[in-house]
Every structure is written in structure tokens, then in C-alpha cells.
Number of protein chains: 2
Amino acid sequence: MVPTSVSDQGAHIIQKETVGGTTYFYTDNTPAPMAGMVFPTYHIYPPTAPHVAYMQPKANAPSFFMADELRQELINRHLITMAQIDQSENTGVPSEVDSYHSLFPLEPVPPPNRLQKTSNFSYITSCYKAVNSKDDLPYCLRRVHALVFSYDFHAGAETMFSRHFNDPTADSYFTKRKWGQHEPPPPRQHAGLLPESLIWAYIVQLSSALRTIHTAGLACRVMDPSKILITGKTRLRVNCVGVFDVLTFDNSQTNHVTLMPQYQQADLISLGKVVLALACNSLAGIQRENLQKAMELVSINYSSDLKNLILYLLTEQSRLRSVNDIMPMIGARFYTQLDASQMRNDVIEEDLAKEVQNGRLFRLLAKLGTINERPEFQKDRTWSETGDRYLLKLFRDHLFHQVTESGTPWIDLSHIVSCLNKLDAGVPEKINLVSRDEKSVLVVTYSDLKRCFDSTFQELQQAAATGPL
Amino acid sequence: MVPTSVSDQGAHIIQKETVGGTTYFYTDNTPAPMAGMVFPTYHIYPPTAPHVAYMQPKANAPSFFMADELRQELINRHLITMAQIDQSENTGVPSEVDSYHSLFPLEPVPPPNRLQKTSNFSYITSCYKAVNSKDDLPYCLRRVHALVFSYDFHAGAETMFSRHFNDPTADSYFTKRKWGQHEPPPPRQHAGLLPESLIWAYIVQLSSALRTIHTAGLACRVMDPSKILITGKTRLRVNCVGVFDVLTFDNSQTNHVTLMPQYQQADLISLGKVVLALACNSLAGIQRENLQKAMELVSINYSSDLKNLILYLLTEQSRLRSVNDIMPMIGARFYTQLDASQMRNDVIEEDLAKEVQNGRLFRLLAKLGTINERPEFQKDRTWSETGDRYLLKLFRDHLFHQVTESGTPWIDLSHIVSCLNKLDAGVPEKINLVSRDEKSVLVVTYSDLKRCFDSTFQELQQAAATGPL
């Protein structure tokens, strides 16, 4: 096997052509095997690639989890996905709804405060994680009276409201502090304002969602911090889409799309409010009476692009607003977002590359475990001590029971990994297997061992499949 | 532990506020423990999330590897990263260069055809993978005479030239076919032209690279298919940056940045040529005499945005070209690229989530292996058969040596995974461990077993660290 690598043209030049001052050579696509090239026939873990090892995410780019944080996050999501309730202690939770079972409340049941309904379409709603019996996958159910809406479940998601707007002290700038017409608001850079890069990361994603929806001739109608979900550090998704369309469906109206342009305008104004609230780090900033203060805060602390975007969305426009009009304001920040996303891909890929061998190694040890020391096989109590199995028993000792010259245990995971990899690859390398009484040494190749291993496990599997002889 | 989930506001409402028609409730940030909530105390693999399970990448978006392909790709990259040469058979390859060792040629040594140098800065160059002894990471070295340039090594990368322009028959449209002034070129949609989405994916990345370089006051000078590397399906990187700056460095010139504006213009023209060649799927298309034919081909098969971008870059402009001017032509395609990149993130994350447990399980089995059947520990030949170790021996039998009622082997990986997970978590669940003579049954909890397991392995480790007593 020969790597297709950085620049392998020139191996077998079959034609050349000079184009625009540069000479190109066409090559035979079949790379010639290179003499004396050695691929390790067993696997060892490659180091992290330098472009990830020395990655320096840009200061103005959205941040993302690095490998260790991501693992923690994945385990956390896993836990949340698998969480169940004890039905006997939660009689208020239905055991099944339509084809969904294993309901797990994502909000308290019943809601402790009926006022909560205001942010939930003026209805009492409940929200569950549930498993669809048709595909066994987890979904998020939003239940409104007898209606149930089903959405993808994103474990560990939180709302933009709960992440950014759940601290009432942040509003004090607007609600408590008094400052006069001529006294400029103090810069709030150090008072917990969000970094502009985060706000743009959100703008790009929310405008992308609106663009997709509006291009389809629909409206979102739930562009609100309580309906925007955040997973990881900056990834957004819009929850509860379609709920208003169903709840306000008017059968008497013949053309249901008539109101869409109006709803789409409302979507864009809602987006403006979300962005302004983020820029003020307070929902109080979008109250009509605070608007001037809020815009001054934006002018002082953020770029004119951000201010212009908010003004475009929130002030009167002579013609209909369009989500396409904000693209130029995002401008080169698209590149920043894309860079960050691709760097994140690199990080996760590197992390996956490290893990991709573990499943294989685990299965190898599990197979070996089913063979070694098996007390009886098909009425033969000496099966695991004789023939091929004897070799595998000695290999097991070689793998796990190494001792130093002075007789102390020598425990080294890389020895285990390396031996298992050689076994898996069946390399021609020889290995000395010492009997327990140290009286005999069997010299075999890993390739021999692999044959023993494969045929023995096959024997077990066949017996398992066909029953006793 | 309580999940921070889809919408947990309302748990402990401590303040409400009505803003812009929506009522918001501030909640106590400490979630109340939910009565009767059960987290599985052992791990089982969660299913693929629906947003990945039912992912439908958009037709006009750049494609990416799905999980299985990605694993193959990662293993392939791993192999290439670890490949070495046999020094004795490759005497032409230096054993060391500066602080780099383990050189592995990425191009034939010596180059079979001296003409090859035309595309390599008019010098004979050689290209190696090598390991830096300072950080033990692999790098790509480009050697020009006595000069060595070091770049990040991207295993499995190939040049844009070798992926897209290495088929001379693709040029026949320009070089062989005769068609008159009035005879329009036939549509080549079915003749192997590249999808427009791929071309835009490339444009976005190449313009991003140029933007970064130009913003830094520098020029790229190697915007050429032989210097553009592709990894995966569509990811681009520019190779050999800086080589021309060094090779053409003129000590007599006082201000080295004077020529930058000119080089930057050349970069943009080079980008135009790359894009036109991609659109024609042939390098012949960018030859001056074929330009009209080539542009007609573009007009027929691609969007006017693509045509305009090429015209902007390749035709005379009254003022200096700027990479910023092409952003509006990319327009909403930024969203498409970003969407694709984020979907790709979702796929890799889901895949990593599946693997993240395997390393842990593998280490558990490796530890168990060091304990079970150890022939001797500190001169005690019965160590592994007595005390805590006896329980772990019976647990090993429970794990691996299950049989059906009729005595045939019962081999089930999920049983092994589940038991190991319960052991790892130390759950209070009880387990019946049957002695080999079936005369006694020991009832222990996984929590007991975990204690035995941990203390025994610790005992081994201590002995390994301190030597024999």
C-alpha cells in the first residue's frame, strides 16, 4: 500500500503540458511501490498532528470544546439521553403518548406556576424526552393540551434564556441606575458584556435559520430566547417551530400563506430584539423606554456593523426587510465562523482518530477472555489447557503477567496494546512463550497465534450457534 | 445529577418580567432534584441522535465523510503517518536534516524527470515526511538545495492537480475538438464537469486563505493546483507558502513590502485561473487562446455568479482587485458551507460519542487481565486464587464463560459490556458468583467487586513501583 501523499506527481510522467507559464505533468495514476518502504504492521497510536497540537483559535472566532472538554460533554449528553424516571414515583407523567414511551419530564410536572404559560404560547405545556417505538430514538415532545409536537432531542441543550438572561442583576443597568441626558453611560466592557464574536456567531446561525425558513415560504414565529437552544459552547437550534402555525390555524381562511410576509417581518424584528438583548446582556434593554440607552451601550462597546444590523432590524424601514440584507453586515465574519467550524472539525477528528482503535482492542480482549481458562468446552475440561488454547494461554501470560528480573510485576499498557496489535495483524514476528514451570519455551509467530485465536473463537461461536454435539 | 435541559426555567421562579410582549421568569439557577429520577448507573450505548440518524445533507452543499468512511480515512491517515523507510534500501534519503529525523520521501528520490522542477520554483526540490525531535510530531519538509521549509504534515493529502487535473483526456474539449464560431459548444454537464457546489466550496476556502494572507500585508504566490492540498472530500490547504519570498529575497532592496500589492493582484488572477480550470475541468481552459471557449462553457453550465467571479478575477479592472470584492458573489453560499461544516461536526461528534467508552472498557479488561490467573505474586503462588482475587476470578468466569442451560457457550458482547460497566460504576446491584464445582454461590454487589478490583490492582501497581519486598 502506498500513500497518496502531498505531491506524488512525477512518478510516471506520461505527458506534460505548459499552461499559463506553469508546466504540468500528467502521471500514471497507479503509484509505483517504493522500494524499502516499511509500514508498521502493528498499530501504535500516532501523535496529535501539529495543526491541532499547536492550534491557536483566533481571538475573534467563536470558541469550541477542545478534546477533553468534549469528552466530558459527550459523557454528560449520554447520561442525559439515558436518564429515566421511576414511574411509581411520578404518576403525573404519562407512560406512553402515541408511539412514544419512556417519557422523562424536561420541565417540572405540573408546572409550579401557571404564569409560566405566557412564554409557552399562552397555554400550559409540558416537555418530555421520549423514545419513539418506531425507531427507538430519543425525541423531545412538547405537549399542548391534546396536541403533541415532536422534535429532535438534543441532550444537554439549554435555552438562550437560561444561559444568558437568567440573572436579574444584569438588568440593573436599565432598571436601577439613574443617569442624565448628558451623562454618557459608562463603558460596560468589564461589566460582563458578551464578546462581540459570540454575538456574531449567534447572528450567523439565527439568520441562517430564518433564511432557510423564509426561502421555503414559511415563517419561524418563535425567534425568542426561551425557544433558542444552545448546545456546546455556541451551537444554536430553534425549538418549537410550527407550534404557532398549528395553534393559530384558521380553517375559515382559504389562503394560509397570505399572512406569511407579515410573520416574516415579525421574525426579523424578533431577531433584532434577540441581538439587542444579547448586546446589552439584558432583556430590559429591548423595552421601548430603554431603547435609546441600549443603543448607546451598543455604540460604545461594539462595532458599527453590529449597531447597523440592530438598527436595520428594529427601526422603521421604507421597504420590506429581508434576511438577505444582513449578509453584507456579516461580511467577512462568515470566514471567521467557517474557520472556527473547520478547526473544530480538526480537533474532533484527531480525537476520534485516537479512539478509533479502542473498540477493536476491546473486542480482541473480550474474545481472548472467552477462550482463556474456560472451565469446560463440550464436556472437555482440559480444552482451554491443550492444543491451540495452550498457546493462547501462554500468550495471555505473556500479555498480562510480565515480571521484571527481580520478579516484581511489570505493568505496561503499551506492551499490551502492542502485543494485541501484532496478534490482530498476524505479523511474522516471533514470540517466545514460556511455560509456567519455565521448563519449555515455545517459539511461535504472531501469525501462528492469530490462526489459533481465530480458529478457536470460531469453534466457540459455532458451538454457541449449533448447541451441544 | 440533574440534566440542564431543553427548558428548565420555571423550577424556582424568583422574579418575572414582561418584555416586548413576552413574560420571562428568572429562576434559581440550582435545579431542584427531581423525585424518582433514575440515571442508569451503568453505561449502555446511546442510540444515534435523530438529527444525525436522519441527516439529509443538502444537494448544493459540499459533501463530507459519513462515520464509516471517516474511520477508514482515519486509519489510512494513521498508516501514512506511521510509514517508515528501510534506510539500508534508500541510501539517497538523508537520515537527518536539522532537528528532523525519520525522513520518508513523499515524492520519488531522485526525481525521475528533471523537467519536474518547472512546477517547483524552477529548482529541483524534494519533499519528505519527517519527525521533529523537539516535539516528536510529524512535519512535511520541502527541501530546495540547502534550504529546508517545514510545514504541518497532513497525512493522506493530495494535490488539487492530482485529484482534478491529472486526466489528459479531459483537455480534449479544448485541444482536439473543432467547432466553429456559430456552433455552440455542447453542454458538458454529463461529460464529467465538477458540481458547482464543489467549486464554491473551494472558492470559499481559497479566498479565505488569500484574505488572511493579504490582510497580514503579505502575498501567497503559490495559488496553483500543484500547491493546493486536498484532504478528505473538500478540505483545502495551501502548501509551500513562503518559499518564493525566501527564494526571491533581494537583499539590495530596502523595502521588501513594495512589491506586495503587485503580488496580491497576481494571487487574485491565479485564483481566477484555478476557478476557471475547475469549471472547465481542464487546465487547457485557462490558456489564452481557449479563454473564450472556456467562458462559454462556464456560461452554459454554471451560475452567473460563478461566471462573474471568474470575469472579475481574470479581466482587466480599472482599480486594484480585492479579495473582499468577491464576498458578495459568494453571498448566501457562505451559509451553505457553514451548514455543511456544522453537520459534519455533528456526524463526527456522534461517532466519537460511540467510541469514547471503548478506551475505558479496554483498560478495565487489561487491568482484570493483570490480576486473573497471575501465576505468582510476591512469592505467593495462590495469590490469584484467594481472597479478593478469588472473587475477581469468579467474576471473570461470570463475564466470559457463560453457558446456556444445555451447556453450550453463550457469547454476548453486550453482557460483557454491561457487566464491566456495572463493575466500573460499582453499582449496588447484586451478582451471584458460582464456584467452579458449583457447590457454593457467593452473593456480592458490583460495589464489593469494584472495591476488590481497585485494591487488588493498586496492590499490583505498588509492587511494580517499589520492587520486591
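A Cβ is built for glycine as well, from the same backbone N, Cα and C atoms used for every other residue.
Annotations in TrEMBL come from automatic prediction, not curation.
There are 23 other Cβ atoms within 10 Å of the Cβ belonging to A:ARG142 (ATP binding site). Under the heading ATP binding site, TrEMBL lists A:ARG142, A:SER226, A:LYS227.
Residues or ranges marked as coiled coil by TrEMBL: A:332-370.
Secondary structure counts, DSSP: the domain 'Pan3 C-terminal knob' (A:323-460) has 90 helix, 14 strand, 34 coil. TrEMBL lists A:323-460 with the feature domain 'Pan3 C-terminal knob'.
TrEMBL lists A:371-469 with the feature region 'Knob domain'.
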Averaging the pLDDT values of the coiled coil (A:332-370) gives 89
Going along the chain, which residues at least six beyond the ends of the coiled coil (A:332-370) come within the CB cut-off of under 8 Å?
43, 45-46, 48-49, 51-52, 55, 57-58, 60-67, 70-71, 197, 200-201, 204, 392, 396, 417, 420-421, 423-424, 453, 457, 460
For A:ARG142 (ATP binding site), the three-state DSSP class is strand
If you measure every Cα to Cα distance among A:ARG142, A:SER226, A:LYS227, the residues said to bind ATP, what is the biggest one in Å?
14
Measuring CB to CB from A:LYS227 (ATP binding site), give everything in the same chain under 8 Å that is also at least six residues away in sequence.
A:THR159, A:VAL238, A:ASN239, A:CYS240
